[in-house]
C-alpha cells in the first residue's frame with residue numbers, strides 16, 4: 001500500500017517538473033531571441049540581399065459602397081509572411097516550444113500599407129501578435145476595416161459593374177530591400193452582400209520606377225470586381241418610372257371637356273422630378289458620365305413635357321372661338337384629310353349628312369303665303385308664325401368647298417329670293433304679314449349663323465381629336481423605344497434581369 005502511494009507521488013512530481021521545465025524553456029527562449037535584437041534592423045543574413053515578403057488577403061465582407069463620396073468599405077484580413085534570420089532556434093534545445101508570439105513593435109515587420117486609403121487614420125489595421133516558428137518563419141495576420149478610394153463609374157447605373165482597386169505596398173522599402181510577392185486572395189469566408197454580388201478579386205504584382213531612385217518599388221494590387229443587384233432599384237425606381245410614363249399617355253385619352261388634361265400632365269412631370277431628385281442624392285456630383293437611369297428619367301420628362309405642350313394646342317383647338325375665323329386650308333388638308341385617313345377616324349355624323357338635292361325644293365313665293373293666309377283672318381300670332389315657318393320648308397343643307405357643310409340656305413329660285421329680300425309681294429296692303437316675314441328672315445339668318453358656327457367649332461374639335469390620337473400613337477411608340485433602347489443598352493442588362501428578377 002505504501003509502495004503504491006509512493007509511486008503516485010513520484011508521477012505527480014515528474015509531471016510538475018515537466019511543466020516547470022516547459023515554462024522555463026519558453027522563458028529562456030524569449031530571452032535569447034530578444035537579446036541584442038534590434039526591431040529597426042532588416043532581418044537578413046546578407047544586407048545586400050532583399051528580404052522576400054509574401055502578401056495576400058482574405059476578403060470577409062463588402063460593408064458599404066459610397067457612390068457619392070466614392071469610398072469602398074471592406075472587412076479584410078491581411079496575410080504577410082517572411083523569414084527572420086535572427087528568430088531561429090534548435091527545437092532539441094527547447095523541447096516542446098514549437099512557436100512563439102511577439103507583440104507589435106518588439107520585432108521587425110514590413111511596413112505594408114494600403115496606398116489608396118481613405119481612412120482618417122490611414123492605417124486601419126489592428127496590430128496583432130507575430131507568430132514565429134523554429135525556422136524563423138514569421139506570420140502576421142492583422143485584420144482591419146479598410147476604407148479605400150474607388151472611382152465609381154455610374155454610367156450604367158443601376159446595371160453597373162464596379163471595379164475597386166486595393167493597392168498595397170511598402171511605405172519606406174524599395175524593391176532592392178524588400179521583395180514583395182503576391183499570393184491569391186482568399187474569399188472562402190466571404191459574407192454575401194445584399195446590394196452587391198462579388199464576381200472576383202484578381203491580383204497583380206506591379207513595379208513602379210520613380211525619378212528619384214533607380215530601384216523599383218513593387219506593389220500588389222487586388223481588384224474587387226462586383227456587380228450591383230438591381231432588384232431594389234428596379235422595384236423602387238424603374239418600375240414606378242415606367243408606370244408614371246404610361247400615365248403620361250393617358251393625357252391624350254382624357255376628354256378635353258374634363259378640364260384635367262393639363263393638371264394630369266403637370267402632376268406626372270412633378271412625380272418624375274421627385275424620382276430624379278432621389279437618384280441625384282445617391283449619385284456622385286460628376287460630369288464624366290450621365291447615369292443610365294438619369295438618361296431614362298430625362299427622356300421620360302421630355303416626353304411628358306412635350307405632351308403638356310401638345311395638350312395646350314389640343315385645348316386651343318377644342319375651345320376655338322368660331323369668330324376667330326375658319327380653319328386654314330393647309331391645316332384642314334393635313335389634319336382632317338391625311339391624318340384622319342391614316343388614323344381611320346371619321347367626323348361625327350359624317351355618314352348621316354343628307355345629300356344636297358335629296359328632296360325637291362319648293363318654290364317659296366308670297367303668293368303661296370297669301371293663299372295660306374287667305375284661309376282665315378290673321379287673328380293669332382301663332383297662326384301667323386306657323387304660316388311663316390311653313391314658307392321655310394324649302395331649306396336644306398348643301399356642302400361648300402371651303403368649310404365642309406353649311407346649313408340653312410333657302411332652296412329658292414333667284415327671282416323669288418330677290419323678291420322676298422326686297423320685300424316685294426302682292427299683299428302690300430297687309431303690314432302685319434310684312435312684319436311677320438321680317439321676323440322670319442331674322443330668325444332664319446340667326447339659325448344660319450348658328451349652324452355655320454357649329455360647323456366651324458366641330459371642325460376644330462375634330463382636329464383636336466385627330467391631334468390627340470396622333471400624339472397618343474407617336475408618344476406610345478417613342479416611350480417604348482426609349483424604355484427598351486436605353487435600359488437594354490447596359491452591357492449586363494440580360495444577366496442582371498435573369499439573376500435578380502428570376
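Using N, Cα and C of the backbone, Cβ positions are placed for all residues, glycine too.
Per Swiss-Prot, the range carrying the annotation transmembrane segment out of 234-254, 318-338, 339-359, 360-380 is 234-254. Relative to the membrane, residue 81 and residue 458 are listed by Swiss-Prot as lying on separate sides. Record note: among 262-282, 388-408, 409-429, 262-282 is the stretch given as transmembrane segment by Swiss-Prot. Residue 172 (Ca(2+) binding site) and residue 212 (disulfide bond) are 13 Å apart (CA-CA, integer value). Scored on C-beta pairs under 8 angstroms, the neighbour of the transmembrane segment (262-282) with the top count among 234-254, 295-315, 470-490 is 295-315. Counting other CB atoms no more than 10 Å from each candidate's CB, the recorded positions 164, 172 peak at 164. The least crowded of the recorded positions 44, 150, 212, judged by other CB atoms within 10 A of its own CB, is 212. Counting only the Cα atoms, the space from residue 213 (disulfide bond) to residue 44 (Ca(2+) binding site) is about 22 angstrom.
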